[in-house]
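Annotated features, as they stand in Swiss-Prot:
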type     : residues                                 : note
REGION   : 1-404                                    : region 'Ncore'
BINDING  : K180, K190, R195, Y260, Y350, R354, Y356 : RNA binding site
REGION   : 405-524                                  : region 'Ntail'
COMPBIAS : 487-508                                  : compositional bias 'Basic and acidic residues'
Amino acid sequence: MAGLLSTFDTFSSRRSESINKSGGGAVIPGQRSTVSVFVLGPSVTDDADKLSIATTFLAHSLDTDKQHSQRGGFLVSLLAMAYSSPELYLTTNGVNADVKYVIYNIEKDPKRTKTDGFIVKTRDMEYERTTEWLFGPMVNKSPLFQGQRDAADPDTLLQIYGYPACLGAIIVQVWIVLVKAITSSAGLRKGFFNRLEAFRQDGTVKGALVFTGETVEGIGSVMRSQQSLVSLMVETLVTMNTARSDLTTLEKNIQIVGNYIRDAGLASFMNTIKYGVETKMAALTLSNLRPDINKLRSLIDTYLSKGPRAPFICILKDPVHGEFAPGNYPALWSYAMGVAVVQNKAMQQYVTGRTYLDMEMFLLGQAVAKDAESKISSALEDELGVTDTAKERLRHHLANLSGGDGAYHKPTGGGAIEVALDNADIDLEPEAHTDQDARGWGGDSGDRWARSMGSGHFITLHGAERLEEETNDEDVSDIERRIARRLAERRQEDATTHEDEGRNNGVDHDEEDDAAAAAGMGGI
């Protein structure tokens, strides 16, 4: 029997391995598109000319009249300006199954009177029409930088801070866009400016060179449509040797942004490991968590098999990245989120109100995280030499810290109401009532309210599920206000104990409906 069970335990990981394993056969190349990339030739030496070309590349990448492949090529041209040998940069990181990069040089000819003296050429010939297309008059539909709205002069910044700092400010912002462009496009602007703030405070990005919201959205749309551009940026992070002692300031800043890009889109997977498994609480022994634990073990093996590109499987759109979605291990994820909202206040803002949330496991996670005994790791007791007296005192302190806090956090996001019912008892045990009573919908509403009051404001999970069907989203704000008012009245009534029974029976029955409806909108 033990051998049979071990076979089932390893089936998930072995199944994933067999799916991802190559079946052999010939490798048939796919169709590749040609993308033009422009690099600076040795005759372009003036810093003002270089910065002008950089902003020209940025402007073309935002031109909605151009094809997305062309716009992506201009962003590649801009990123390549960070290196003394753009050709080597593209050769090292630009090998891609989707595109073939064709490199053109931009040279400066003092004898030319048009296009500011610039000419596009290769080793064999000059491209006059391409030059006019690249450097001809262009109308920006919106400002590239916020400083342009304030009539700030980038040339002044160039004189004060120098060309490398100004170019670095532009390129770093392109990298910051990648953090949210693929995995959270709806929150792109907010996420961009949140990440940018650290670089503004340390002076990396000057105010006059901060992208406008329209610029951020434009770059993000190109990144979402041009996977080859994203692959180039990921390869840049993978191949960049961080052990070098001669990293430029721009390369260091790219690595800092890279820390945000790594594991983008894998937050649920990482948080499940952190709060669900690494906390090593006794709840992991539950049989209904066993399948999800096996699934998580399989996903860990898959993740590690990807090597240095594993943190980027979501933004690279690796075929296996969908397997890491929390809907594939809902019970364990729900339990982990329950632990997380108790142990980490910041996680209370994390969106947990999803369709696959297992409410009982979510509440169980909160319950075990609040339990003083569960907070003590037996694995470290012997290693740290903790005495029995010290453990008892620690339990005493933990009990005092959590004493009186009976509130359970509701799921956030979706249709959930982000309020907690103070001192609400949560029943996680199976109920022995009839189906009608288990749903909290007995025939006599007065009896129901009396039972609820007598059990410390008891609300069942089954009642919450039943009420969810009868609660509209439009009622949310009104329900929140009434809950706050009723809870205040309830605390006042609890303070005046030993009241006559008649007063308790006279409580407005709407209070029960408010609390129960709140449970239906997000669960308690």
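The backbone N, Cα and C atoms fix where each Cβ goes, glycine too.
Structure coloured by features recorded in Swiss-Prot.
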{"residue": "K180", "record": "RNA binding site", "Cβ neighbours (10 Å)": "24"}
{"residue": "K190", "record": "RNA binding site", "Cβ neighbours (10 Å)": "12"}
{"residue": "R195", "record": "RNA binding site", "Cβ neighbours (10 Å)": "19"}
{"residue": "Y260", "record": "RNA binding site", "Cβ neighbours (10 Å)": "15"}
{"residue": "Y350", "record": "RNA binding site", "Cβ neighbours (10 Å)": "16"}
{"residue": "R354", "record": "RNA binding site", "Cβ neighbours (10 Å)": "17"}
{"residue": "Y356", "record": "RNA binding site", "Cβ neighbours (10 Å)": "13"}
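In the three-state DSSP reading, Y350 (RNA binding site) counts as coil. Under the DSSP three-state reduction, Y356 (RNA binding site) is assigned to coil, being neither helix nor strand. K190 (RNA binding site) falls within a helical segment according to DSSP.
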